[in-house]
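The structure appears below as structure tokens.
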């Protein structure tokens, strides 16, 4: 994720969500009174949760630095678009302009002065994490600015533009369905029950074999 680093995200806890060093190995009161056993430290947050927390702190810092300062309750889809465009200055993905000779070239053979932008995949994942974080921090789903229609349209435009400019495809490959093997008609059978509880089978024919002929001389 090539987002702007933000000073509020701790770097000393390795995972972005650990506790202080002094409390990591401390005994809990229950463990100390029961025999001095070591307390189990809380599980470290996943990589996704740590990244989501850092993104949420970065967005909160952006709102505080906004002129005029903006509260979360007044944040709209338009402010989310401002935030996404603001992040472009920290991007690391080369996006060729239509005038560039490498426009649409997936592997340009030489450098060019085209701008660096946030990759569409990074923005799409970022919006997904912030959308979840907004509701986890008390926001109402129907008021979630990260799910606004304008944000979805913007992400779609970025995807299409970068796909053309970089000569790459972001379309998901559809899995080919395995061809269904036809079942022989003789094997297919269906059954039904009449009102008397008798079962009738259709498609199955049971032929009774004739009795074997009597041995020679038995008829005498």
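Cβ atoms are placed via backbone N, Cα and C, with glycine included.
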The annotated region 'Disordered' range in TrEMBL, which must be one of 1-52, 53-104
1-52
Note the mean pLDDT of the domain 'ALOG' (47-174), expressed as a whole number.
93
Using DSSP, what's the helix, strand and coil tally for the domain 'ALOG' (47-174)?
77 helix, 4 strand, 47 coil
